[in-house]
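According to Swiss-Prot, the protein has these features:
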BINDING   12-19, 76-80, 130-133  GTP binding site
DOMAIN    3-225  domain 'tr-type G'
REGION    12-19  region 'G1'
REGION    37-41  region 'G2'
REGION    76-79  region 'G3'
REGION    130-133  region 'G4'
Amino acid sequence: MALRCPIVSVLGHVDHGKTSLLDKIRSTRVTQREAGGITQHIGASEIPINTIKKVSKDLLGLFNANLSIPGLLVIDTPGHEAFTSLRKRGGALADIAILVVDINEGFKPQTIEAINILKQCKTPFVVAANKLDRIPGWSSSNGPFILNFNEKVQHPNAMTEFEIRLYENVIKHLNELGFDADLFSRVKDTTRTINVVPVSAITGEGVPDLLIIIAGLAQKFLEQKLALNVEGYAKGTVLEVKEEKGLGRTIDAIIYDGIARTGDYIVIGNPDGIVTSKVKALLKPKELDEMRDPKDKFKPSREISAATGVKISAPELEMVVSGSPLRIVPKEHINKAMDEITEEIEEFTIKTDEEGIIIKADTMGSLEAIANELRKAKANIKKAEVGDVSKKDIIEASSYSSSDPLNGLIISFNTKTLPDAKLELEKTDVKLLEGKIIYKLVEDYGAWLKEMEELLKSDELNKLTKPAMIKILPNCIFRQKGPAVCGVEILYGTLKIGSHIMSDDGKKLGYVKEIRNNQQENIKEAKVGMQVPVSIDGNMILGRNAKENDILYVEVSEPEVRKLYHIYKDELRGDEKEALLRYMELKQKLEKSIFWGM
């Protein structure tokens, strides 16, 4: 059975050494002149199995590595944004991943986010515990870690420090996330235990161990997945859309199965539909020593087979976006390929809600990833699209917010905001959150949501009528009626202009027309403990339906009482709560229902 190269992606937290490790892996070769060294593909680097065997020759016997895969195809773009963008039907394009963790710093937010994405995509991974050379006293040199890991080479204190950092900063965190993990040389059951491979991207220590472990695991557990359809047509994913001088718009793609030929037809799935076009050229990069003219960087290939990175030149690629699924087929298979692509796009369709926010992303895979994370944060999503933030998006978000201010949000992942959209944004209350890190955008969403909920809660609370109890002061009746004017003391709560007043037998007496302070200045409200003159317009006649020392109540509707009691009770001051409870007790007695207000 013919096997293709496993596709390998590198993930990890910022500054933990993803790019440096990739550079070190790409530069792996026994000598500069070695035949079959690293082959640079479009968007990926192929490390042939012979190169892996040569740099790892001291390890082959230790791990009983009988490797028959042709090599490893390592995606050039590190990070989980690239990982999520590169999708195929059924999950991630990458067959296996390297999770880079700084052995000295341990897990960070992006490390955990990367693990969550790997779990979600069911992608097996190996941990590269990087920056081994920074452990105090560690003697790091290019070559296998396993040969350098002994007390003949290392000081005992350095060995002890290594063990502490390996456990405290890497293995313990993996255990907390539900994974068994251990140093790769101690792993007995690779189906249950994550391999942790210590490396230094600076010295190259551990890179041979990492390559042999990745290759061995891929062959052992992914053989069926790596079976190559040597007769079938090419299946792949768009990595990037680029303008190239002399070629126009081209696409860089990873082909993960089958064979593509010049003159075949490319079928690409887009959010807006399917694009078909005739392949003008399949291009591979020239070797470095052939790149004398920067305008002539590529050489045409009549035929390419998986797994590989390739640049494709074809007309009518304007609407293609990164992360789109593709097929390259003979003309007679176009309809079949279109059906496959349609089914694949349906897998990417994100379920939307009747109400919610808008999310935009640069690729379908990224859109799916951020939608999944926002769902975990309990976000409702009204619209999810690939592409830049447009004026139309702002207008739509503004209309969504008219029914609920919590819908007036656009989350933009790794996309631009068009100039007319920026102008429209200034005219509205729509909030735009932009970023290139998924976990940070989700955090920003959580912070915005909390702030908005508090603001809305405060606004609604301020609009509600709050209970208050007042007492008519003796010797302070200034006018009997039309309006009645008297001095009152606020016993509980806050008395406001416009509040409707009732007696303790439920009679409506009128509304508060005016409140004055001791300087005879009009004020809008009087709080607990204050003694103030008030005028009450309506049915109140002092000396008849209201007398000195009477306790009066601010009238509150039952729906408002329910909201105050069930939603906002914790937001009320102690005296306001007391006013609410006493008012409810009075109304339950008057209405002869213990459920009033409940």
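Just so you know, glycine gets a Cβ as well, placed from its N, Cα and C.
The structure, with features from Swiss-Prot marked on it.
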residue	record	CB count, 10 Å
G12	GTP binding site	27
D15	GTP binding site	12
K18	GTP binding site	25
L132	GTP binding site	26
Checklist line | Secondary-structure category, per DSSP, in which G12 (GTP binding site) falls | finding: strand
